Amino acid sequence: MSSLVTPQHAEELSTGARQLGVELSAEQHERLLGYLALLIKWNKAYNLTAVRDPDEMVSRHLLDSLSVMGFIHPDRDSWLDVGSGGGMPGIPLAILHPQKRVTVLDANGKKTRFLTQVKMELKLDNLTVIHSRVEAFQPAQPFNGIISRAFSSMENFTNWTRHLGDTGTQWLAMKGLHPADELVALPADFTVESEQALTVPGCQGQRHLLILRRKA
């Protein structure tokens, strides 16, 4: 274990994952802690996250990401994390689902350099890192799932990623407060499939997940 990661961090991750109903293998637990160590190390120079205190990163980043894993459909094997930043939730998604192809996209070159380093050091062969504005990204095939965490408004999220999915794609938007005002401006060809209130161990404040579909 890296000297940047404490036994308390390891225990908090184990306990929090159990509370979320997420079963972590020893390898997944080790990789998540390895990711945490890289995040702590690189954040000092690269400003990857506004969370400066390493003791807050387990709950606010790792467990927050794990809180949506139960909504990742087992049959959807290609996922895009839009505006991934420091890699949430894309890196935990790639660690927990090695059989799925996960793409993390960000327009900030420093952040994609960090994500590339994470891919190399953690040997995440199922992870692809893309340095691009989302509007300019043109994948060969539509993604089965598109996810974002605090990326933008619901209107922008759906409009900017419309070309990256199709009517079979699920869009997952991770939010804090329920975005009722944003849903009013949702494009007419998108519909809310479900809304989930999430409880993240160690996190104060509201968390919500909205799952969207595009109409045929």
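For all residues, glycine too, the Cβ spot is worked out from N, Cα and C.
The annotation S-adenosyl-L-methionine binding site is assigned in Swiss-Prot to Gly83, Met88, Val134, Glu135, Arg149 on the grounds of sequence analysis. Here the Cβ of Met88 (S-adenosyl-L-methionine binding site) has 25 other Cβ atoms within 10 Å, regardless of which shown protein chain they belong to. According to DSSP, Met88 (S-adenosyl-L-methionine binding site) is assigned to coil rather than to any helix or strand.
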Through the lens of DSSP with three states only, how would you label Gly83 (S-adenosyl-L-methionine binding site)?
coil
